[in-house]
Amino acid sequence: MRRRRAGGRTMVERASKFVLVVAGSACFMLILYQYAGPGLSLGAPGGRVPPDDLDLFPTPDPHYEKKYYFPVRELERSLRFDMKGDDVIVFLHIQKTGGTTFGRHLVQNVRLEVPCDCRPGQKKCTCYRPNRRETWLFSRFSTGWSCGLHADWTELTNCVPGVLDRRDPAGLRSPRKFYYITLLRDPVSRYLSEWRHVQRGATWKTSLHMCDGRTPTPEELPPCYEGTDWSGCTLQEFMDCPYNLANNRQVRMLADLSLVGCYNLSFIPESKRAQLLLESAKKNLRGMAFFGLTEFQRKTQYLFERTFNLKFIRPFMQYNSTRAGGVEVDEDTIRHIEELNDLDMQLYDYAKDLFQQRYQYKRQLERREQRLRNREERLLHRSKEALPREDPEEPGRVPTEDYMSHIIEKW
């Protein structure tokens with residue numbers, strides 16, 4: 001009787017110990033996962049998630065309604081950018097669109113075989129190709145304002161080839177291929193930001209505005225102020241100047257100004273001039289290798305990376321600010337700014353739709369390709385499992401015992 005009781009107690013103790021071991025193991029695994037789980041992937045080598053699997057980018061809106069029709073060729077935008085060849089990225093920097101931040105990303109934040117050499121105290125970085133001492137990037141922070149301060153499309157397309165030929169003589173090699181890129185911004189936000197910048201003393205008066213081989217005359221481009229700058233100007237004064245280049249700046253800087261007689265307003269009627277500028281800006285925007293939107297930083301990063309097959313080291317940050325840039329602006333004033341920038345409003349509406357459609361197209365294409373890869377992997381796995389196995393039994397192999405009985409006996 002005592003032996004039975006002793007045996008019963010022993011079995012109970014063994015079972016209790018087993019339960020404690022299992023519970024302790026579960027708690028340990030839970031704690032381990034809490035600390036290490038976010039960075040672990042059971043299927044990834046070394047337990048780390050590959051950078052490409054970290055989805056930093058927003059999910060496309062499935063209910064997005066397209067406003068304009070764009071053929072697939074306008075949405076694909078996948079280039080074979082050859083950094084070791086003769087390809088050059090040209091950044092058209094429009095004032096107050098976030099171009100300074102993006103320009104720094106290009107020289108400091110792109111994962112490159114040979115990173116740009118950016119030294120403290122110097123305004124420009126050296127961005128050489130991996131195989132020779134030639135620049136692959138034409139921008140403010142790499143080549144400086146070589147075609148003039150904030151050069152526009154008309155200036156850059158006529159100036160960049162000559163500047164690079166003087167810097168890096170082409171010799172007998174094939175001609176360079178230029179990939180133009182830019183950023184756009186909501187016109188009201190951009191306009192208010194430019195006013196605040198001018199109010200603090202900015203002028204951009206050293207800009208050349210070169211067109212058809214000459215700069216505009218004072219009669220073609222009168223100043224909005226007298227003196228060295230326009231610091232302290234009110235928003236009303238800023239809006240009242242009919243010659244203010246802030247009005248429809250994005251359209252003007254993206255259009256081919258030669259089509260409208262440059263800055264000669266008497267060349268063609270105003271209504272026709274406006275329509276030609278808008279259509280030219282749209283055409284040139286479509287023809288660019290890439291453009292981003294200030295209001296969509298992560299999507300801008302995504303499209304740039306997929307277009308040029310280049311990766312940024314750190315993700316872009318979205319800094320949301322008010323339209324008025326910290327200044328109270330009533331609805332009537334906003335409507336007036338929209339009227340002054342009617343061409344920019346139309347261009348931005350067009351650009352935003354093209355941008356969103358490109359993003360959706362790229363994401364859908366990637367998901368489709370991922371599903372195909374997963375399907376191929378499953379089929380390959382099944383085909384391997386279906387192969388006949390002819391492995392002979394190992395001599396002297398003992399049949400596996402019941403796991404629970406084995407653990408209890410060990411205790």
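The chain as shown is numbered from 1 upward.
Just so you know, glycine gets a Cβ as well, placed from its N, Cα and C.
Bear in mind that the values here come from a model prediction, so they are computed numbers and not experimental data.
Swiss-Prot annotations:
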{"type": "TOPO_DOM", "residues": "1-19", "note": "topological domain 'Cytoplasmic'"}
{"type": "TRANSMEM", "residues": "20-37", "note": "transmembrane segment"}
{"type": "TOPO_DOM", "residues": "38-411", "note": "topological domain 'Lumenal'"}
{"type": "BINDING", "residues": "93-101, Arg185, Ser193, 317-319, 323-324", "note": "3'-phosphoadenylyl sulfate binding site"}
{"type": "BINDING", "residues": "Lys123, Lys124, Arg140, Trp145, His150, His197, Trp204", "note": "substrate binding site"}
{"type": "ACT_SITE", "residues": "His150", "note": "active site, proton acceptor"}
{"type": "COILED", "residues": "352-386", "note": "coiled coil"}
{"type": "REGION", "residues": "380-401", "note": "region 'Disordered'"}
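Between Lys124 (substrate binding site) and Gly99 (3'-phosphoadenylyl sulfate binding site), the C-alpha separation comes to 15 Å. Around the Cβ of His197 (substrate binding site), a 10 Å sphere holds 16 further Cβ atoms from the protein chains shown. Residue pair His93 (3'-phosphoadenylyl sulfate binding site) / His150 (substrate binding site) shows a Cα separation of 6 Å.
Neighbour count (other Cβ atoms within 10 Å of the Cβ, all protein chains): 23 for His93 (3'-phosphoadenylyl sulfate binding site). Counting only same-chain residues 6+ beyond the ends of the coiled coil (352-386), those with a CB under 8 A from a CB of the stretch are 57, 59-61, 64, 66-68, 70, 72, 74-77, 285-286, 291-293, 296, 299, 302-303, 306. The two recorded residues, Trp204 (substrate binding site) and Gln95 (3'-phosphoadenylyl sulfate binding site), have Cα atoms 10 Å apart. The binding-site residues examined here are Thr97, Ser193; by Cβ neighbour count within 10 Å, the least packed of them is Ser193.
Within 10 Å of the Cβ of Lys123 (substrate binding site) there are 8 other Cβ atoms, across all protein chains. DSSP gives Ser193 (3'-phosphoadenylyl sulfate binding site) a helix state.
Closest to Trp145 (substrate binding site) in space, going by CA atoms and restricting to the binding-site residues Gln95, Thr97, Gln318, is Gln95. Within 10 Å of Gln95 (3'-phosphoadenylyl sulfate binding site), counting C-alpha to C-alpha distances, fall the following of the binding-site residues Lys123, Arg140, His150: His150. Of all the binding-site residues listed here (Thr97, Gly99, Thr101), Thr97 has the Cα closest to the Cα of His197 (substrate binding site).
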